[in-house]
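S.K.: Let me begin by handing over the structure; questions about it come next.
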């Protein structure tokens, strides 16, 4: 029998900066992170005795480590997702190894995209949330900017105007990313369809945190007599059995976020959020500012480390760049940024084409699966022919669509 020395948190008690509520609902302290490790003890005990592990033993150990990995905060210790840490360590290590020799550079810069794609398909298959890709994207942006300031600017080849342009580009990218992360636009139940609500003080792990109202959230129990399965036609088809709401046209349920999204385009792992009606425009602006900043930074770096070469050819031919480690590191980072930029350029191109044909990524996948869409240019253009009203009208509709169809004064709630 497991011992539980932690006491439950009373409603009137407040947490100090190092205290937190653990996954069992008890009150704990960061100093006790190595105490009461029953899951880890059981795992090690079975391993030492060469006994077979239970199927969920490793997942319980990982959940315990995730629960106790925290940083002090004013209103209680905040949890740090363990998936944030690998990019902070691996990216600088890999780039410094790639800068030692051009063969190592080819090997590392080829292996890194393969590893990231493998991890993407691994997590996508499990439909789990991870901060790995958001951490990699943000750290790549800031680390490239840090190397630009410390390695390229001191060479004297960058003017104050160029430095201001790159700095402004980084700032605008982060600002629009923050705005994009505010929420994609959630499908709310109509007040007439709400039977009752229950308020909880701890958010569930399978629901997007942006959907919740701070530390508390409301579970809405829908009135099945008004919005239940007996309805036919479009309402029956658009009924979400998980969220218990009738989705409006073009809305969809995200199995990763666990909620229904207005005009759902896709779930983007790089921002750890869905792209929907409320943040689609800001998502495109984030991509545009990132790409402009990246292209500007790459050209400035190549002009600095390969002054005798044309910018267009310096990325493929830059003699003697590996004679100095600083130049080799900048050149390697330029290649890494070019790979990232190429992938995001492809994503931006697909997004612009979809907007021009007034089709979302989700609608395109469903139409291809049901064989009701027309595919052109090797799959770049997917025309469903449902919502398209011409190039100009499609863009006007996209630029002027409202952020949400529900009243703005409603509190965020978790639909059950």
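Any Cβ shown, glycine's included, is placed from N, Cα and C.
Where the annotation comes from TrEMBL, it is an automatic prediction and has not been curated.
Copied straight from TrEMBL:
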type	residues	note
DOMAIN	236-364	domain 'Palmitoyltransferase DHHC'
TRANSMEM	103-122	transmembrane segment
TRANSMEM	131-149	transmembrane segment
TRANSMEM	161-179	transmembrane segment
TRANSMEM	283-305	transmembrane segment
TRANSMEM	325-350	transmembrane segment
S.K.: Ranking 131-149, 283-305, 325-350 by the number of C-beta pairs under 8 Å to the transmembrane segment (161-179), which range is first?
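M.R.: Answer is 283-305, with the largest number of Cβ pairs below 8 Å.
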S.K.: Summarise the domain 'Palmitoyltransferase DHHC' (236-364) by DSSP state, stating how many residues are helix, strand and coil.
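M.R.: Output for the domain 'Palmitoyltransferase DHHC' (236-364) reads 71 helix, 16 strand, 42 coil.
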S.K.: If you average the pLDDT over the domain 'Palmitoyltransferase DHHC' (236-364), what number do you get?
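M.R.: Looking only at the domain 'Palmitoyltransferase DHHC' (236-364), pLDDT averages out to 91.
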